[in-house]
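Quick one: the structure is below, questions incoming.
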Amino acid sequence: MLEEINYDTKLFGLIGKNIKYTLSPYIHNFSFTTLGINAVYLVFDLDEMKFNRIINGLLEIAEGLNVTIPYKEEVMKYLDNTDTYSTRIQAVNTIYKKGGYNTDYLAIKNLVRKKIGNMSGYECYVYGAGGAAKAAAFALSELGCSSISIVNRTNLRANELVELLNKNGYNASIKENCNSTSNIVVVNSTPNPSVVPENCIQKSELVIEFVYKPVETELIKNAKKYGIKYIDGLEILVNQAVEAEKIWFNKSVSDEKIIEYLYARKLVW
């Protein structure tokens, strides 16, 4: 964010519910300042009633928006169009001029490619069945995962995600827990880092965690303990933010520079 807000300042922001914890304003306002962009990034913490009342107005006045829980799916009906990935995933987390995108999906693809590359022959277990789970499941499937198993508290959401994946030509099913012995990738898209059993982590080749406060969750601690490769929630948060800025401005600050800033400000630990 530049020091002075004026007539030409562009509005960006995050839409969600119960999101006081978010780091997104720090990330994007730091990027705007670093890149010399005349813009401000705000948080719109909305319950369902407020969301339905003001979403159209926000879409009219904001240059770009991010969307988080619980509106990644609901927001789609208010948009003029969605790109190929978000249409298939049926979830949007980035908006630019009333167009919807999914940078969670892009972040998972980017980060997994760096860690292990091709996913051929891997069995992937995704804990959760919301918007983040959808993005992760599609990204891993497109990277070549041989099967996707959805582990969720309720079968209704899990069934919907399995049907969506299978409709798109992927091999998906519901599991109560991971029961494979090798070549496993585990994703936690729930708010609970302890939902993944330790014996499942031990058998994994890669662990992916969406929770980023603290950065070293119980899941990440266990991955480190057993020498398992991992992608932590901060890496995902920052990379999806960088991908959003590329959509908005066709340029961005590097992941490394943003993470360094967040640690320097003691915003993460």
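Please read every residue number as a count from 1 along the shown chain.
Backbone N, Cα and C atoms are what each Cβ position is placed from, and that goes for glycine too.
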Besides T22, L23, S24, T68, N93, Y212, which of D80, D104 does Swiss-Prot list for that shikimate site?
D104
Among F44, F51, F210, find me the residue Swiss-Prot lists at the same NADP(+) site as G128, A129, G130, G131, A132, N152, R153, T154, N155, L156, R157, G233.
F210
Measure from the CA atom of G130 (NADP(+) binding site) to the CA atom of L23 (shikimate binding site) and give the result in Å, rounded to a whole number.
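With distance taken Cα to Cα, G130 (NADP(+) binding site) is 20 Å from L23 (shikimate binding site).
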Just name the most isolated of the binding-site residues T22, S24, N93, going by other Cβ atoms within 10 Å of its Cβ.
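Counting other Cβ atoms within 10 Å of each of the binding-site residues T22, S24, N93, the minimum falls on T22.
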Please list, in sequence order, the residues in the chain of A132 (NADP(+) binding site) that are at least six apart in sequence and whose C-beta is under 8 Å away from its C-beta.
K72, D104, S189, F210
